[in-house]
């Protein structure tokens, strides 16, 4: 591991200290949500940006993670860390089961199949009765405890999720610069040629799908512990679209894309909620959605390759694509 | 024999693509597959590499039956190919294309890739060095860092060949490697293929450039409308009346 390849990560590490100085709960909670979403989008970025497979069902894996953590801790009194592990593993297993069939589909058909899966899972959350608490959800999820540390305030949680995100970033960096990363890229470019190079495309796509579901589940588990209350609404189709948006806006197939995408989409949501009522007095939520939409469309027109390609204007090392090690 | 085909047949609807094809390729030899367009040459490549299932017949490599195996399994059995209409990994660099072609030369799977640093990986270093050497030999070393799509067409063809060789296959199927190359590039390619042969790599060559074929090939198989009409050494094929009639038109000598 060469230090120069990790300039960005080191810079990020410094940036993460700043909120500790400001010490605002609002800032912490926004940053926690950004990190949680970003963990989902990291996995989705591997699936979409490297393996070239789209998924409109990742809110379902996110939700399955959340509900797994919630149900195991409140209904079955599991230790929280174990429940968090289960929150990652269960969506992974489900992805392994459904992926075998759905990944045979391509492009739009795959998008439709994953969309259907997402809606199905959302209905199950709603209609789960006793187990899921139905539309009103379930509360009283305990604080996450690892060893003797209980993550009972925003600051601790902030440090935890960003630490996890950093570990995941390092792992993703390793992955995309490895033989497996190249193979994933080759699937995206020409599945036919990838097979002829000896890549078992079906298997590798399934692994990428499972990997993305594991991360989504982990993020869901963290979300449940953070909010301590869970209901079906944050796991709807709308959230799946947001995840895809973050991946695309950040820049598919780029290292910093998923993080950047999550930062921009979440911040934009927050900003618009503050600013729109000031600009247009009495404006309702629909104005926010319209402006939000206009900004996103603009981004896609002027930065179709995603925000991480903006880095070149400032000579920032944002657009870290699959590059050979020097 | 390294590769043996026997009784290979395939129809597309009512049209015979190939019928009852059988021939063998020796270790470290070049077999040229010639015939007019639509004779079934590329179809045969697709059958050998597992992209198309044949209706009848068998393909063996070192005595092992490979009909019914998936393309990636056939690749790991030691057969790779190039494509007539190029299938490069366009957004990747020239070097990465070759390194991706060397997939079978290393082992690290998804989980281990995630958990270990690429800089400390020996395998990775070895693959990088081997790939650079391959690019050097084929004359693409100075373009190693360029995106593959930025290469001129002729160089893209060479890159496909380098990628197909990266896994060190026993047999490479080359689908019109000289198409789009200028005469001097074609000559360099012919020399390279002959050199490759002396290193022990066997090749099947689909090629329309007769000079390349006659110079490089040890044996030639001639297809016409999916049928094998002749097999033999270049000299035998040049003198074969059926070939002259079917492939080159009557009353014409091959240069």
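Positions of Cβ are set from backbone N, Cα and C atoms, glycine also.
Please treat TrEMBL annotations as automatic predictions, because they have not gone through curation.
The transmembrane segment annotation in TrEMBL covers A:29-47 (among others).
Under 8 Å from some Cβ of the transmembrane segment (A:54-72) lie the Cβ atoms of residues 40, 43-44, 47-48, 78, 80, 82-84, 86-88, 90-91, 94-95, 107, 110-112, 114-118, 120-122, 125, 131-132, 138, 141, 209, 212-213, 216-221, 223-225, 230, 232, 234-244, all in the same chain and six or more residues away from its ends. Feature annotation from TrEMBL assigns transmembrane segment to A:54-72 (among others).
Sequence-distant contacts of the transmembrane segment (A:78-99) (same chain, at least 6 residues past either end, Cβ-Cβ under 8 Å): 61, 64-66, 68-69, 72, 117, 142-146, 205-206, 209-218, 220-222, 224-225. Summarising the annotation, TrEMBL assigns transmembrane segment to A:78-99 (among others).
Residues or ranges marked as transmembrane segment in TrEMBL: A:108-125 (among others). Counting same-chain residues at least six beyond the ends of the transmembrane segment (A:108-125), those with a Cβ under 8 angstroms from any Cβ of the stretch are 53-60, 63-64, 67, 98, 102, 132, 231-232, 235-237, 240.
Same-chain residues lying 6+ beyond the ends of the transmembrane segment (A:157-176) with a Cβ under 8 Å from its Cβ atoms: 5-6, 9, 12-13, 16, 19, 28, 31-32, 35-36, 38-39, 42, 45-46, 50, 144, 146, 151, 184, 215, 218, 222, 225-226, 255, 259, 322. The transmembrane segment feature in TrEMBL is assigned to A:157-176 (among others).
Long-range contacts of the transmembrane segment (A:208-231) within the same chain, counting only residues at least 6 positions beyond its ends with a Cβ under 8 Å from a Cβ of the stretch, are 32, 36-37, 39-40, 42-44, 46-47, 50-51, 53, 55, 58, 61-70, 80, 83-84, 86-92, 94-96, 99, 103, 125, 133, 135-144, 151, 157, 160-161, 164, 168, 184. Summarising the annotation, TrEMBL assigns transmembrane segment to A:208-231 (among others).
Residues annotated as transmembrane segment in TrEMBL: A:243-266 (among others). Here the transmembrane segment (A:243-266) has Cβ contacts under 8 Å with residues 8, 30, 33-35, 37-38, 40-42, 44-45, 48-50, 54-56, 58-59, 62, 165, 169, 172-173, 176, 185, 188, 296, 299-300, 305-309, 311, 318-322 of the same chain, all six or more residues outside its ends.
For the transmembrane segment (A:278-302), the list of distant contacts is 245, 248-249, 268-269, 272: same-chain residues at least six beyond its ends, Cβ to Cβ under 8 Å. Feature annotation from TrEMBL assigns transmembrane segment to A:278-302 (among others).
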